[in-house]
Each structure stands twice: as C-alpha cells, then as structure tokens.
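Features as listed in TrEMBL:
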TRANSMEM  20-39  transmembrane segment
TRANSMEM  55-73  transmembrane segment
DOMAIN    129-247  domain 'Palmitoyltransferase DHHC'
TRANSMEM  177-199  transmembrane segment
TRANSMEM  211-233  transmembrane segment
REGION    293-337  region 'Disordered'
COMPBIAS  312-321  compositional bias 'Acidic residues'
COMPBIAS  327-337  compositional bias 'Polar residues'
Amino acid sequence: MRRGWKMALSGGLRCCRRVLSWVPVLVIVLVVLWSYYAYVFELCLVTVLSPAEKVIYLIFYHAIFVFFTWTYWKSIFTLPQQPNQKFHLSCTDKERYENEERPEVQKQMLVDMAKKLPVYTRTGSGAVRFCDRCHLIKPDRCHHCSVCAVCVLKMDHHCPWVNNCIGFSNYKFFLQFLAYSVLYCLYIATTVFSYFIKYWRGELPSVRSKFHVLFLLFVACMFFVSLVILFGYHCWLVSRNKTTLEAFCTPVFTSGPEKNGFNLGFIKNIQQVFGDNKKFWLIPIGSSPGDGHSFPMRSMNESQNPLLANEEPWEDNEDDNRDYPEDSSSLAVETET
C-alpha cells in the first residue's frame, strides 16, 4: 500500500515538473505577443502618422518576425537526437556487464566493445564513456541530460527558455533564434526610439499608446543586451568548434586532454554547424554535416595537412585546464551519470 502511494506521488511530481517546465516558454510567448500588439497596433497604426512610414515599418518588422518565430519554433520542437542502436549494449552484453562484480573487468569489457565503434573520447580517468542509465557507450561529444533523461548527441546544454535540450539536431536553429532575437530587439528599439523622444518631450498627445511605446523600448533594450552577450558567447564557441560543456570541461581523447581537439579552423568550424551550402545558413532547415555520432578531429586534419600542425593555437583561459566533473557546466542544466 505504501509503495503504491510512493509511485503515485512520484508520478504526480513528474507530471507537475513537465507542466512547470513550459512556464519559461509561456513567458517568452506572452512577451512576444504583447510586443507584436504594441508595435503593429499601438505604434504603427496609432502613433505613426505617415502612411509610407507605416508600410515600411510593417514590412520589415514582419519579415524579421517570421524568421524569429520560425527559429524559436524549431528550437523548441526539434527533438534532441539520440545515439543509434549500435552504441547500445546488446541484451547479452548488458547481462554480462551487470552480473560482473569486478570493476576492472567491467572496464575491460567496455574497452573491447568500444574498439568496434568510432569512439575517441574518454572520461577524465581514461575509461570508456558509458551511460549506466541508457546502457550505451557514449559517442564523442554525447552526454546524458538529466532533465530530458536521455543521452543527447553533441549536447551543448539544456535550455529552459525553449524547454529542450540543445544539441546536434537543433544547435543551428538555436543559434539562428539568438541571431534573429537580437535583430528583432534592435529593429524595435531603433524604430521606436524617435517616438519615445517625442512622447518624452510632450510632442505627442498622452494617450494609451504612450505606455506601450515607452515600455516597448525598455523591454527591447533589456532583452537586446542579454541576448547580444549570449549570442556573442555562442559565436565564440562556434568559431572554436566547442560546445558549452566542452568549454568548461576539456575533452579527453585516447591520447589525453586536448582543448582544441575538434578545432578545424574558422571556416570549417562554421561549416560543422551550418553546412557547406551558404544559402541555407540563414534558413532554419537542417544542414549540419554528418550524423552526430562522429566528428572530424584536429589530429586527423593535421595528419592530412601537416601545415595545420604548425598553427599557433588560440590562447584559452587557465580554467580550461582545470579538472571539472564530466559533463558539468555552470551554464548548462545537465547532469552526467
């Protein structure tokens, strides 16, 4: 009887957690809907008097708004991609692994299994990266998200503002969402500013629209500052071909820790996220190369092009050499098993 109550309570808590996880998304949606009303109706249709100015403002606004909402939708509803079946332990291997009580034998079993897979990263102790919740050998750059309760390919972080895990399948969409968010806020702020000054000087009548226009400028500037910082940080990550987790915890390869292990050079690093075809870079359509299970590494590129070996690596902060718990980040809501 007591066990049944515990199960019911646990199920209820999980349900509440799933519902509450949508609160940040609901907040963003409500702010965006209000900004649409305030800009289109209170500014363009009520405050702006010039018909030509109204048309120009509305055309450019809706063009940005479409891409802004499109990328946000893709960031939310593109499911995080999980490792395919060949990385999972078979029923026989799983039974052997769980029945084995000697840790050193378990470790050797994983080493033998990993030899058949394109896996080159290790834990801080040099062991094969294994998820005991999903029962799989983790591909390079794959991590287990405690919020989504799955292993996510090329996981960057879990973002509460999209209620989704950002990884290989949607990192491009997330970057585009940040870029169009910055553009959206900048456009609103620049077009509203002149009318803000007119209201401030009393050149326009103090009507209901005054509140919406003044508050619209304040909200746009506030979001613009925070989004520029976040977008700039992720641009830096892309230029180095790093994830948020890798920026805070240096990847360990079979040869040892290497902070620039996936750094292929500026252009190739961008192509690793957006693809080779530049016409898809601004459109939220999947174009990232590969399948998310394996990635080109700097060491392989150097063997093909010895000139790369002579390049001076960019300086990183000393924190890159600090030992962090695997898959932990102060900026990422993610827990490693």
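Each Cβ is built from the backbone N, Cα and C atoms, and glycine gets one as well.
Long-range Cβ contacts of the transmembrane segment (20-39) within its own chain (Cβ-Cβ under 8 Å, at least 6 residues beyond either end) map to 61, 65, 68-69, 72, 76, 147, 160-163, 188, 192, 212-213, 215-216, 219-220. If you take every residue in the domain 'Palmitoyltransferase DHHC' (129-247) and average the pLDDT, you get 94. Each residue of the domain 'Palmitoyltransferase DHHC' (129-247) gets a DSSP state, and the totals for helix, strand and coil are 68 helix, 16 strand, 35 coil.
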